[in-house]
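Copied over from TrEMBL, here are the features:
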BINDING   Cys79, Cys84, Cys119, Cys123  [2Fe-2S] cluster binding site
Amino acid sequence: MVPTPHATLAPLLARHAGRAHELLPLLHALQDSDGYIDPAHVPAIAAALNLSRAEVHGVITFYHHFRSAPPPSTVVQVCRAEACRSRGGEALVAHIEACTGAKVDGEPCQDVGVESVYCLGQCALSPAVMINGELHARVSAARFDALLASQPARKAGEHV
Ligand code: FES
């Protein structure tokens, strides 16, 4: 038996019902709304789109973008592509790990998560980071510290 979907999911299921090729738009919309994709929703999504649970789970876990748990209050995405690497990006990564206590692409620390991304479209202004969805270019260690300190506290359930 498929569990009853919650308020956000129900209209998405209705909109994409029977359209297996619309799995990605549905997953993006759900994550945009909830901040993550609750694994408990996989059976309902699979049933609505005529897919197997394994297919839905496979797509969610294949794409690094999708989260299966609520995000931390502060999400730092640091560019690790070539232009940023050539302009001190990896030293910035080390600094970010040291000052947040969080390992890149690992578990959050003190409600700060750090993720790798590969090009934020700011190659000429590297190194670049995105903090809670806001893009920053030419980020030095000192500038990163100031940016992190200026992040507003978010309420429980609020996400980027
Ligand atoms: S390589 Fe980092 S923004 Fe393009």
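Cβ coordinates are placed from backbone N, Cα and C, and glycine is handled just like the others.
In this structure, Cys123 is the one among the binding-site residues Cys79, Cys84, Cys123 with the smallest number of other Cβ atoms inside 10 Å of its Cβ. What surrounds the [2Fe-2S] cluster site, by Cβ distance within 8 Å of the Cβ centroid and not counting Cys79, Cys84, Cys119, Cys123, is the set Arg80, Ala81, Glu82, Ala83, Gly89, Tyr118, Leu120, Gly121, Gln122, Ser126, Pro127, Ala128 from the same chain.
A simple way to gauge crowding: the CB of Cys119 ([2Fe-2S] cluster binding site) has 14 other CB atoms within 10 angstroms, across all the protein chains here.
Taken residue by residue with DSSP, Cys119 ([2Fe-2S] cluster binding site) is part of neither helix nor strand, so it is coil.
Classification of Cys84 ([2Fe-2S] cluster binding site) by DSSP places it within a helix.
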